[in-house]
Amino acid sequence: MNIHEYQGKEILNSFGVRIQRGTVARNAKEAVEAAKELTEKTGTGWHVIKAQVHAGGRGKGGGVKLAKNLKEVEEIAGEIIGMNLVTPQTSAEGKKVHQVLVTEDVYYPGDNEPEEYYMSVLLNRATGRNMIMYSTEGGMDIETVAEETPELIFTEEIDPATGLLGFQARRIAFNLGLSGKGFKEMTKFVMSLYEAFEKSDSSLFEINPVLKTSDDLIMAVDAKVTLDDNALFRHKDYAEMRDVREENATEVEAREVGLNYVDLDGNVGCMVNGAGLAMATMDLIKQAGGEPANFLDVGGTADAKRVEEAFRLILKDDKVEAILVNIFGGIVRCDRVAQGIVDASKNMGDAMNVPIIVRLQGTNADIAKELIDNSGLKVSSAIQFQEAADKVQEVLSK
């Protein structure tokens, strides 16, 4: 589950990670009030107005701007709130901004020049261990750094038996070229950051940039946090941070009815039971010359009602030109799935106007085939995997 920057910073702050202070505002008036309060605390009249959407690259899209007085705060907040922000990580339509984060300006003058770093904590799936990835090239797209100057990216893997050890945090600070107060501050920052990552059951922390201020304080200026959905039962307060306005509407609807659905950009809808079979089915669609329009796992308890709900979700996508139903009946009874297909056709009528290829194998597959054959539906049946692929290819070539 993705959350907003300000929510991620709240989590970081609760574990002792120093953050760039700020207040959320939902209109220009609230933004001005937030700026006034920050001025009282910091003594500076400069503020940064940051659009709160679930997407990176906000600055490139005009979603992060500096305001040097209250008038500019009001103007910029009014301009950003309500806009459709287009970034390299959004669709062409962009995402509507409902709120902004009004923050303090932390690039103040002092004895030293401020310096930016990149740091993230994530699971290295190749080794099965958490890993801290960091670089001196903060404030930039880490993908660009990895491609052009990979030698500037460092990694530190953490043994799950011991957790992050002090010498590892010190090594990170050393590799970033820090010394004196900055070295001690970075060591403390890294230890607190990793504690926050573990105890919040997150799958990703990305801080870009981590800032060393002119007086050698280390703080998180930005925060991209992804929480593990499967652990939200342990964090009721985090679960309340979900902003469904930022999520795909069909995915939200699927979650509410207990289906695992991920929206994709292709033209062939797929309905499968089991994540492994779903992945194989998506490969099958690719080999047949199509592109998967979705990942949809109806689960091990698929019945007629769930199958009908699945069809409704798939057909919400106007790009879908065909649907492949690929079910292996172990616990799932194929006849129930077949009944769901028949019921969906009756209840949805003309909405089910795309070709449907059905492969039902396993428990009660013979009964399922009889149900579909006697239904009068224009459904293509397949027994073998390759046969299903051929029928998808045939449909797409028409």
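Cβ from N, Cα, C; glycine included.
Here's what Swiss-Prot has on this protein:
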type	residues	note
DOMAIN	9-253	domain 'ATP-grasp'
BINDING	Lys50, Gly57, Arg58, Gly59, Val106, Glu116	ATP binding site
BINDING	Asn208, Asp222	Mg(2+) binding site
BINDING	Asn273, Gly330, Ile331, Val332	substrate binding site
Which one of these binding-site residues has the most other Cβ atoms within 10 Å of its own Cβ: Asn208, Asn273? Asn273
Gly57, Gly59, Gly330: which of these binding-site residues has the sparsest Cβ neighbourhood within 10 Å? Gly330
Quick one: largest C-alpha distance among Asn273, Gly330, Ile331, Val332, binding substrate per the record, in angstrom? 10
The most crowded of the binding-site residues Lys50, Arg58, judged by neighbouring Cβ atoms within 10 Å of its own Cβ, is Lys50
Look at each of the binding-site residues, Val106, Ile331, Val332, and point out the one with the fewest other Cβ atoms around it within 10 Å. Ile331
Glu116 (ATP binding site): tally of other CB atoms within 10 A of its CB: 17
From binding-site residues Gly57, Val106, Glu116, the one whose Cα lies nearest Ile331 (substrate binding site): Gly57
Looking at the binding-site residues Asn208, Asp222, Gly330, which ones sit with their CA no more than 10 Å from the CA of Glu116 (ATP binding site)? Asn208
If I take the Cα of Val106 (ATP binding site) as reference, which of the binding-site residues Asn208, Asp222, Asn273, Gly330, Val332 has the closest Cα? Asp222
Taking all protein chains shown into account, the Cβ-based neighbour count within 10 Å for Asp222 (Mg(2+) binding site) is 24
